[in-house]
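Below is the structure I would like to discuss, written out as structure tokens.
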Amino acid sequence: MAFLPKFDAGGLVTCVTTDAATGDVLMVAHMNDEALRRTVATGEAWYFSRSRNALWRKGESSGQTQRVIEMRTDCDQDAVWLRVEQTGAACHTGRRSCFYRRVERTEADGGARLVFVDADRLFDPDAVYRK
């Protein structure tokens with residue numbers, strides 16, 4: 001059976017990336033055809049930045065790399081899941097995961113608030129991404 005990803009109108013598929021050792025969700029990003037091909041060919045995670053309209057290899061600026069242990073696709077082949085060996089932080093904020101805030105319901109008004117969890121920074125993003 002062939003891997004034939006179904007890209008959206010922008011030429012992208014959603015990618016969920018988890019830590020292969022812990023199962024923790026590290027990040028959600030997007031991949032275009034080139035990012036998928038490079039990920040398969042190199043065993044390193046490559047993504048497509050919608051904000052920069054550019055291909056990028058995880059860790060090329062920060063040194064916080066992802067070695068792919070396994071890649072899966074969903075039933076429609078319009079999303080992929082990477083299980084990776086994460087070196088350092090996955091989030092551009094310097095945190096291990098991009099999911100460092102829990103959403104909790106507020107009793108008083110039935111709204112929601114954010115609570116920081118696992119929010120320690122592993123690196124200073126201002127120092128790493130300084131231009």
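Using N, Cα and C of the backbone, Cβ positions are placed for all residues, glycine too.
Bear in mind that the values here come from a model prediction, so they are computed numbers and not experimental data.
Dumping what Swiss-Prot says about this protein:
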{"type": "BINDING", "residues": "D74, D76, D78", "note": "Mg(2+) binding site"}
{"type": "BINDING", "residues": "C75, C91, C98", "note": "Zn(2+) binding site"}
Taking each of the binding-site residues C75, C91, C98 in turn and counting other Cβ atoms within 10 Å of its Cβ, which one has the fewest?
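Least crowded of the binding-site residues C75, C91, C98, by Cβ count within 10 Å, is C75.
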Sequence gap of 6 or more, C-beta under 8 Å: which same-chain residues meet both conditions with respect to D76 (Mg(2+) binding site)?
K6
Quick check for the class: what is the C-alpha distance, in angstrom and rounded, between D78 (Mg(2+) binding site) and C98 (Zn(2+) binding site)?
22
So if I measure Cβ to Cβ from D74 (Mg(2+) binding site) and keep only same-chain residues at least 6 apart in sequence, which ones fall under 8 Å?
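D74 (Mg(2+) binding site) has long-range Cβ partners V80, W81.
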Can you count the other CB atoms that lie within 10 A of the CB of D78 (Mg(2+) binding site)?
14
